[in-house]
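The structure under discussion appears below in the form of structure tokens.
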Amino acid sequence: MDQKLQMAGTQSQLEMGSLVVNESLHEFEDESLFSPESVIQKMQPGHISEYGSAPGGFQPGGSKMGKNVVYKSIKTVVFSNKLNVLIPFGPLTILVHILTGHNGLVFLLSLLGIIPLAERLGYATEQLAMYTGPTVGGLLNATFGNATELIIAIYALRNGMIRVVQLSLLGSILSNMLLVLGCAFFCGGLVFYRKEQVFNKASATVNSGLLLMAVMGLLFPAVLHFTHTEVHYGKSELALSRFSSCIMLGVYAAYLFFQLKSRKDPYIPLSEDESQHGENEDDHDETPEIGKWESVIWLLIMTAWISILSEYLVDAIEGTSRAWNIPISFIGVILLPIVGNAAEHAGAIMFAMKDKLDISLGVAIGSSTQISMFGIPFCVVVGWIMGKPMDLNFQLFETATLFITVIVVAFFLQEGSSNYFKGLMLILCYVIVAASFFVHEDRPPEDKSSTP
């Protein structure tokens, strides 16, 4: 009788052991879909001895897992948006440039090719922001959104196209402050039309102050030039621009430290009554669709591809101006930044429609701050290193336009709230600016290259 009981107990233990093995095998199959490291960690020594060494025995499964991850990532990023049907216009731009060299056609095709890439750049940044937090996410969006403008500026500066650099950077600031922010306010206000969206007024005040400082840095060289009060003609203006650029770069570095270290998440969405904003809790529980390093890789790919197409875009500006009978200043200040800022445009609208207006503000105003306090001074310093007379004299008309724009936007941000009507007014202000540059004849500045 005792032997029968022992045999029954042994059989039950064997059955339980087989169940444990089966459960561990199922667990291994589930985990193999995610990461090979977690598979190896969850395997018991008995499993490894049964199936072979971990690196060798599971290498085919790991390669298959890697292919699945790549396929899923491409499917999510490339094939999940209908706007991506415009992506083939990118390679078509290069092909038309090589075969025909028609500047107007190359310009149009590159415009269409950049639009979906910029939208996907905003999507990848939004995914990465879920891992890094709102503060770093807003700065990342502004950084990758402005990478194209900085690459274009350095390329044009190397070829001595100083005026193109100035116009494109100025247009980027105006587009972000009026068009991008206006569309974000307008679309967010339409989605949440029953209430006013709120944002961090303190962060908006800091950015407005930095923009006013940038205006001051651009204003004094222009006034010095047009009042003919330079101590040394052609030298004082350039020396003042280089000195002011170094100061502005130092201030921007201090601003980054202030945002990332001294303050804690200034872009966290505000809510005066949490009980009325249950949807905000759902946004915080939102899970990313792609991994963190996948987001980084896609950001680099999109930025590089946009930069390549932007180079063709810039090269075709002069020919397009003659073919379409459009002033170069209008192309540089209005048309070019609309495409270059498409990433900020799409990202700011997406965040605003999800009631994440602080991130939208960090994208639009943060991008303008970065261009004015980092992009422009950086180009002055790079031109200094290259021996190019790049200065902060953006001419009187352009400087006055920037000054009025900063004042208008500062008034709109002082209340710390937004609605669709404020967005509409900002958009219409941008229309007025666009019309002004359409009838403005850009006269080239006096040549300073002959001045030692």
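Glycine is no exception: its Cβ is also placed from the backbone N, Cα and C atoms.
Within the chain, the transmembrane segment (92-118) has long-range Cβ neighbours (under 8 A, six or more residues past its boundaries) at 81, 83-86, 145, 302, 305-306, 308-310, 312-313, 315-320, 323-324, 335, 339-343, 345-346. Residues or ranges marked as transmembrane segment by TrEMBL: 92-118 (among others).
Annotation source TrEMBL lists domain 'Sodium/calcium exchanger membrane region' at 105-260 (among others).
Per TrEMBL, transmembrane segment is recorded for 138-157 (among others).
Sequence annotations record features per position, and here TrEMBL assigns transmembrane segment to 169-193 (among others).
Annotation comment: TrEMBL describes 205-227 (among others) as transmembrane segment.
Taken from TrEMBL, the feature transmembrane segment applies to 239-258 (among others). A Cβ distance under 8 Å defines the sequence-distant neighbours of the transmembrane segment (239-258), meaning residues of its chain 6+ beyond its ends; these are 139, 206, 210, 213-214, 217, 220-221, 224, 369-370, 373-374, 376-378, 380-381, 384, 390-393.
The annotation domain 'Sodium/calcium exchanger membrane region' is assigned in TrEMBL to 295-437 (among others).
TrEMBL lists 296-314 (among others) with the feature transmembrane segment. Sequence-distant contacts of the transmembrane segment (296-314) (same chain, at least 6 residues past either end, Cβ-Cβ under 8 Å): 73, 77, 90, 93-94, 97, 106-107, 110-111, 113-114, 117-118, 120-121, 124-125, 128, 140, 144, 147-148, 151-152, 155-156, 164, 168, 290, 336, 339-340, 343.
What TrEMBL records for 326-353 (among others) is transmembrane segment. Nonlocal intrachain contacts for the transmembrane segment (326-353), taken as residues 6+ away from its ends with a CB within less than 8 angstroms of a stretch CB, comprise 111, 114-115, 118-119, 121-123, 125-126, 141-142, 144-145, 148-149, 152, 164, 167-168, 170-172, 174-176, 179-181, 183-185, 187-188, 191, 197, 306, 310, 313-314, 317-318, 320, 359-360, 363-364, 367, 398, 433-434, 437-438, 440-442.
Annotation comment: TrEMBL describes 359-384 (among others) as transmembrane segment.
Feature annotation from TrEMBL assigns transmembrane segment to 396-414 (among others).
Same-chain residues lying 6 or more positions outside the transmembrane segment (420-439) and placing a CB less than 8 Å from one of its CB atoms are 174-175, 177-179, 181-190, 193, 326-327, 329-330, 333-334, 401, 405, 408-409, 412. What TrEMBL records for 420-439 (among others) is transmembrane segment.
Sequence-remote contacts of a segment are chain residues at least 6 beyond its ends whose Cβ falls under 8 Å from one of its Cβ atoms, and for the transmembrane segment (359-384) they are 129, 134-135, 137-139, 141-143, 145-146, 149-150, 153-154, 157, 162, 165, 169, 172-173, 176-177, 180-181, 184, 188, 199-200, 203-204, 207-208, 210-211, 213-215, 217-218, 241-242, 244-246, 248-249, 251-252, 255, 267, 269, 341, 344, 347-349, 351-352, 390-392, 409, 413.
Sorting each residue of the domain 'Sodium/calcium exchanger membrane region' (295-437) by its DSSP state yields 120 helix, 2 strand, 21 coil.
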